[in-house]
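Structure first, then comments.
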Ligand SMILES: C[S@@+](CC[C@H](N)C(=O)[O-])C[C@H]1O[C@@H](n2cnc3c(N)ncnc32)[C@H](O)[C@@H]1O
């Protein structure tokens with residue numbers, strides 16, 4: 001896995017201990033890097049406010065943010081470094097290759113926050129809740145592992161609920177309007193996109209999908 005060529009970002013970003021340049025070397029060994037704590041992974045982490053805040057609040061959990069766009073990833077890594085967080089790391093990579101960096105049952109929780117909706121039906125396979133992605137996530141998680149999803153996009157939410165069910169996940173804690181719901185803890189840490197949508201008065205959809213027993 002090679003970092004893409006954007007010399008100014010690469011030179012800056014690799015200075016931070018929180019960026020892992022060759023994550024495939026840690027496959028099956030993330031506990032060796034972080035210690036024996038549960039591992040939570042955010043896919044498409046963007047500028048990283050959500051995951052760095054969770055890492056700061058939960059020193060006994062290890063966090064990994066995965067992001068392909070170097071400009072936004074740079075902001076995320078910098079946030080973690082400025083807060084001197086060592087229970088967090090970032091991977092600069094394409095989620096399509098996620099199985100190359102996490103071994104079976106290694107990830108206790110996955111966060112999917114405001115994933116790109118890919119509205120055209122011909123692009124459904126690119127949605128991060130498309131069933132082929134869910135199959136990969138199932139392998140990475142133990143039975144009972146959780147996917148926590150938030151989105152502003154009603155159609156993506158509906159699509160995702162169907163994909164979760166068809167792939168054997170059990171759904172819980174569903175809300176069609178998170179910020180007017182009883183889920184106090186779940187609304188307390190916002191992503192950058194979420195903050196923007198909430199400021200515009202938009203509804204946020206949220207669900208937890210629980211991984212099934214492996215066959
Ligand atoms: C709409 S943004 C949301 C960012 C952040 N989660 C938030 O809520 O503020 C989606 C992010 O997912 C990243 N992303 C989309 N597809 C990806 C992929 N295949 N691999 C890695 N990152 C991806 C994008 O680069 C983008 O930063």
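Glycine is no exception: its Cβ is also placed from the backbone N, Cα and C atoms.
Going by what TrEMBL states, the S-adenosyl-L-methionine site holds 42, 67, 116, and the candidate of 60, 94 recorded there is 94. For residue 152 (substrate binding site), the nearest of the binding-site residues by C-alpha distance turns out to be 116; the candidates were 42, 67, 94, 116. Fewest Cβ neighbours within 10 Å among the binding-site residues 67, 116, 194: that distinction goes to 116. For residue 193 (substrate binding site), the same-chain residues lying six or more positions away in sequence with a CB closer than 8 A to its CB are 46, 113, 114, 152. Summarising the environment of residue 152 (substrate binding site), the number of other Cβ atoms within 10 Å of its Cβ, over all protein chains shown, is 18.
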